[in-house]
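*Asks:* The following block contains the structure, expressed as C-alpha cells.
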Amino acid sequence: MNTMLLAEIEDLLEGADDRFLFSRADEIRKSSLGDCVYLRGVIEFSNHCVKKCAYCGLRNPNSAVRRYRLTKEEILKATALLPEFGIGTVVLQSGDDYSYGKEFIGQIIQEIKSRCDVAVTLSLGDRREDEYRYWRDCGADRYLLKIETFDKGLHEKMRSGQIIEDRLDRLYRLRKLGYEIGSGAIVGLPGMDTNILAVDILALSRLELDMIAVGPFVPHPDTPLGKELPGDLMTSYRTVALLRIINPCANIPATSSLAVLNPEGKATALRSGANVVMPSITPEAVRACYTIYPGKNTNFSKAREEVEAVRAIIYQCGLVPSSSKGFCQRNES
Ligand code: SAM
Ligand code: SF4
C-alpha cells in the first residue's frame, strides 16, 4: 500500500495540488489496469427497507415512497439482457428487505449462474453469516457493504444506532467466505470534515478492498437531512483520485450520485482514476421508485438508454467498455 500520510491526504483533499493529484491517479489507473472500464448492471429489486439511515430516501419511516418488490421472474428477465448489453456482472441491490429469505435469494443466484456467464455481486445490506455463506455456496462472487464513514459518532448518528464494529465484522466475515469485498464512504455527510474523510480514505485503503465506492451525499427532501447541503463534487473527485493512488488495483466506480449532481460527473471520475460504471438495468415500471436520493434513475426511462449513455461517456474519455466479469486485478495475478 502507498504510504501517504494523513496530513498529505488532508491537503490534497483541500485542493493543494489538483494538477498532480488527477494526473497521477490517471497514470496509475492506466499502468495498473489499462484502458478497460468494467460495466456492472444493477438490478434494484426492492426498495423496502427496515432501516432508518438518516441520509437515505428508502428509510423505513419515509411513507412518501411508492414501494415495490420484483418477483424472481422479473429479476431473471432483467438479468437476461446482460449479454446483449455487453455487461459481465449483475449487481443485485435492495434496501435491507428481509422478506427475501436465504433460499429465495439463493435460487435467484443459482438460476442466474445457470443461464448467463456473469459474475454476481450482492448489495443486500446487513444479513446473517449463514445467509452470506449459503449465497456464496450458490455462486455469488462479490458483496458490497459500504461503511459510509469510520467516524464512530457520525456513523452511529447517520445509521441510526447501527454500530461500526458490526458493519466491519460483516466485511471480514464476507472476505473469509471467499467473496470479493467492496466498501466505501459517502463524501460530505453532514458533520463530515476533511479530517474525517482523510481518515476514511486511509481506513478503507487498509482493508485492501477489491472494490471501493465513494460518491457525494445527495440530500433527499423526505429525510431528516433534506435541508442539508450536498457533498462537494471536487472533494468527491479528489477522493476517487486519492483512493486510486493508494489502491492501484482496486475496482473503483464512477458512482451515480456524482452524475446526479453534475452531468459530467461520471466522465470526470473516469478521468480521476475510476475504472467501473454501474448503469441501472432495473425494469422501466419501477426504476424511478428506487429513490435513495432525488434524480436516481430518472434521467433514463429505460435500462438500454442508460447503458448506451454510459458507453458513450466511456468512449468520450478515450477508454474502452469491457464485457468481462472484471474481477479485481490483484486476485487475477
Ligand atoms: N441497503 C443496503 C445498504 O445500505 O448497504 C444496500 C442499498 S443502499 C441504497 C446503497 C448505498 O446507497 C448505501 O451504501 C449508501 O452509501 C448509498 N446512499 C443512500 N442514500 C444516499 C444519499 N442520500 N446520498 C449518497 N449516497 C446514498
Ligand atoms: Fe436502507 Fe440501505 Fe437506505 Fe440504509 S442505505 S435506509 S439500509 S436502503
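Placed from the backbone N, Cα and C atoms, the Cβ positions cover glycine too.
Curation plays no part in TrEMBL annotations; they are all automatic predictions.
Predicted, not measured: the structure shown is a model, and the values here were computed from it.
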*Asks:* In TrEMBL, the residues R159, R167 are said to bind S-adenosyl-L-methionine. Which of E148, E180 is said to bind at that same site?
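*Replies:* Answer, per TrEMBL (S-adenosyl-L-methionine site with R159, R167), from E148, E180: E148.
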*Asks:* Which of these binding-site residues has the least crowded Cβ, counting other Cβ atoms within 10 Å: R159, R167?
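*Replies:* Counting other Cβ atoms within 10 Å of each of the binding-site residues R159, R167, the minimum falls on R167.
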*Asks:* When you measure from each Cβ to the nearest atom of ligand 1, which of the binding-site residues C56, S123, R167, S257 fall under 6 angstroms?
*Replies:* C56, S123, S257
*Asks:* Need this for a regression test: binding-site residues S123, R159, R167, S257, filtered to those with Cα within 10 Å of C53 ([4Fe-4S] cluster binding site). What's left?
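*Replies:* So the list reads R159.
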*Asks:* Should we count any of the binding-site residues C49, S123, R159 as near ligand 2, judged by a CB under 6 A from one of its atoms, and which?
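*Replies:* The binding-site residues passing the 6 Å Cβ test are C49.
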*Asks:* Can you tell me how far the Cα of E148 (S-adenosyl-L-methionine binding site) sits from the Cα of C49 ([4Fe-4S] cluster binding site), in Å?
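*Replies:* Each residue's Cα considered, E148 (S-adenosyl-L-methionine binding site) and C49 ([4Fe-4S] cluster binding site) end up 17 Å apart.
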*Asks:* Which residues does S257 ((3R)-3-methyl-D-ornithine binding site) neighbour through Cβ under 8 Å, counting only same-chain ones at least six apart?
*Replies:* G215, P216, F217, V218, G231, G265, Y293, K296
*Asks:* Just to confirm: which same-chain residues, 6+ apart in sequence, have a Cβ under 8 Å from the Cβ of C49 ([4Fe-4S] cluster binding site)?
*Replies:* C56, L58, R59, N60, S94, G95, D96, D97, G125
